[in-house]
Amino acid sequence: MTYDNLLNRFLTYTRVNTRSDESSETTPTTQSQVDFALTILKPEMKSIGLQNVHYLENGYLVGTLPANGNFPYKIGFIAHMDTADFNAEGVNPQIIDNYNGEIIQLGQTDFVLDPKEFPNLNNYLGQTLITTDGTTLLGSDDKSGIAEIMTAIDYLVKHPEIEHGEIRVGFGPDEEIGRGADQFDVEDFDVDFAYTVDGGPLGELQYETFSAAAAEIDFMGRNVHPGTAKNQMVNALQLAMDFHGQLPQEDRPEKTEGYQGFYHLLSLEGTVDAAHASYIIRDFDDEAFVSRKDFMQKIADKMNAHLGAERVQLQIYDQYYNMRKIIKKDMTCVKLAKKVMENLAIEPIIEPIRGGTDGSKISFMGLPTPNLFAGGENMHGRFEFVSLETMQRAVDVIIGIVCFKQ
């Protein structure tokens, strides 16, 4: 279905810089997210008919659309307000009508969207694409989701003849840095199950995520003059290289897919005297996840034993877990979304998320929360784009879910 206000709503959201900040200790991590919630989203939520709209200390903006029919479930929809760690100031979207399959120039920059480099463009011939101007990201992750949820609510309020169950809407902060759901209030949200609207292409329906951990490693060296260094110098950077060299070369993001896990070196910095490395660890299987963490610890222990001192100091922190374990207990939310997509002639793409969503943590709080497509492609950078037609289909799915009767 065509929704007249969807595009303008989305464009309005994208132009607000809501980039999160991992170095910040506040919640939300940036004031711009608070401003976006309170000055743009909250008034709009009230104006389209949501009730009990309130902003919580955890950074979530929540509202309710009461049921106007007899339905068995209260259902929530969640999207995040922040955008990824890429320039988000001065977002100036381009609209490409009736995409013809050719190269898309991104504003006045030298950057282009070339189907040879991005073959996913070929899935959108004849559609309306929204791209960046090459200087920023677009913010489709996850302002597409916000716009789709708001548009669905707006449509239902304007069409009271369409019966639906009780709907709760939640827009939260800091998903991109993994903190958004840490303080999510399940009791306040008060639904039977929920969906994050934070996926990619048409049809994505996901209830499996990585289990995730972060590893921080300090390497303690000993710096002496290189001319007299024999049997005295301990080069911290070399220790870091030695550590990394003992990890399986095939277990890296660029060499894995599907259900394969990995170790990912995010950063390495230092001097001869001291170095620091940051890793993330990812796997879908619980035992493999534990084994990966244990393997890193064994490398550190072996190196320290060889060095005769605690020169490799490893700390590992769990970040989130595969929500499959929770959702598998009751697949109602997945089966419902799958059925609705099929009724809409959308082929469900049920694959694991090689990442995480707020739904990962929220599911482990007792609220099953799988992920629905929102439409974004090439997310987190200047090559990001989204199809308006896919966004419209996402609105169709949201409406279909809350109106579905067995």
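Each Cβ is built from the backbone N, Cα and C atoms, and glycine gets one as well.
Sequence-distant contacts (6 or more apart, same chain, Cβ under 8 Å) of ASP82 (active site) comprise THR18, ARG19, SER20, PRO28, THR29, THR30, GLN33, PRO173, ASP174, GLU175, GLU176, ILE177, GLY180. Summarising the annotation, Swiss-Prot assigns active site to ASP82 and lists sequence analysis as the type of evidence.
For GLU175, the entry in Swiss-Prot reads active site, proton acceptor. The local packing around GLU175 (active site, proton acceptor), expressed as other Cβ atoms within 10 Å of its Cβ over all shown chains, amounts to 26.
Positions annotated as Zn(2+) 1 binding site by Swiss-Prot, on the basis of sequence analysis: HIS80, ASP141, ASP198. Cβ-based neighbour count (10 Å, all protein chains) for ASP198 (Zn(2+) 1 binding site) stands at 27.
Annotated Zn(2+) 2 binding site per Swiss-Prot: ASP141, GLU176, HIS380, in sequence order. The number of other CB atoms found within 10 A of the CB of HIS380 (Zn(2+) 2 binding site), across every protein chain shown, is 17.
Of all the binding-site residues listed here (ASP141, GLU176), it is GLU176 whose C-beta has the fewest other C-beta atoms within 10 angstroms.
Taking a C-beta cut-off of under 8 Å and a sequence gap of six or more, HIS80 (Zn(2+) 1 binding site) has these contacts in its own chain: ASP142, GLY145, PHE171, GLY172, PRO173, ASP174, GLU175, GLU176, GLY180, THR196, ASP198, ASP358.
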